[in-house]
């Protein structure tokens, strides 16, 4: 898998385009990306990288702000 979480990242782009870039209307797909990225880092280590995922430290902050846990779906 060359770009983990690419499907989720593309879903965000599609959602933002269809909602005139109102990110509040795309919260669910943004959450799905963060959950996917969390699983990616848990499975592959925090030194792994995907162009679709924020760095682990930023991801942890974003998940905390959104009250998400890695097991959410």
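We count from 1, first residue shown onward.
Note: Cβ is positioned from N, Cα and C throughout, glycine not excepted.
Annotated domain 'CHCH' per Swiss-Prot: 2-44, in sequence order. Taken from Swiss-Prot, the feature disulfide bond applies to 5-36, 15-26. Feature annotation from Swiss-Prot assigns motif 'Cx9C motif 1' to 5-15; the stated evidence is sequence analysis. The motif 'Cx9C motif 2' feature in Swiss-Prot is assigned to 26-36.
Cα separation, residue 26 (disulfide bond) to residue 5 (disulfide bond), rounded: 16 Å. Distant neighbours of the motif 'Cx9C motif 2' (26-36): 4-5, 8-9, 11-12, 15-16, 19, 52-53, 59, 62-63, 66, 68, 70, 72-73; these residues of the same chain sit at least 6 beyond its ends, with a Cβ under 8 Å from one of its Cβ atoms. All protein chains shown were included, and the count of other CB atoms within 10 Å of the CB of residue 5 (disulfide bond) stands at 22. Here the Cα atom of residue 36 (disulfide bond) is found 17 Å from that of residue 15 (disulfide bond).
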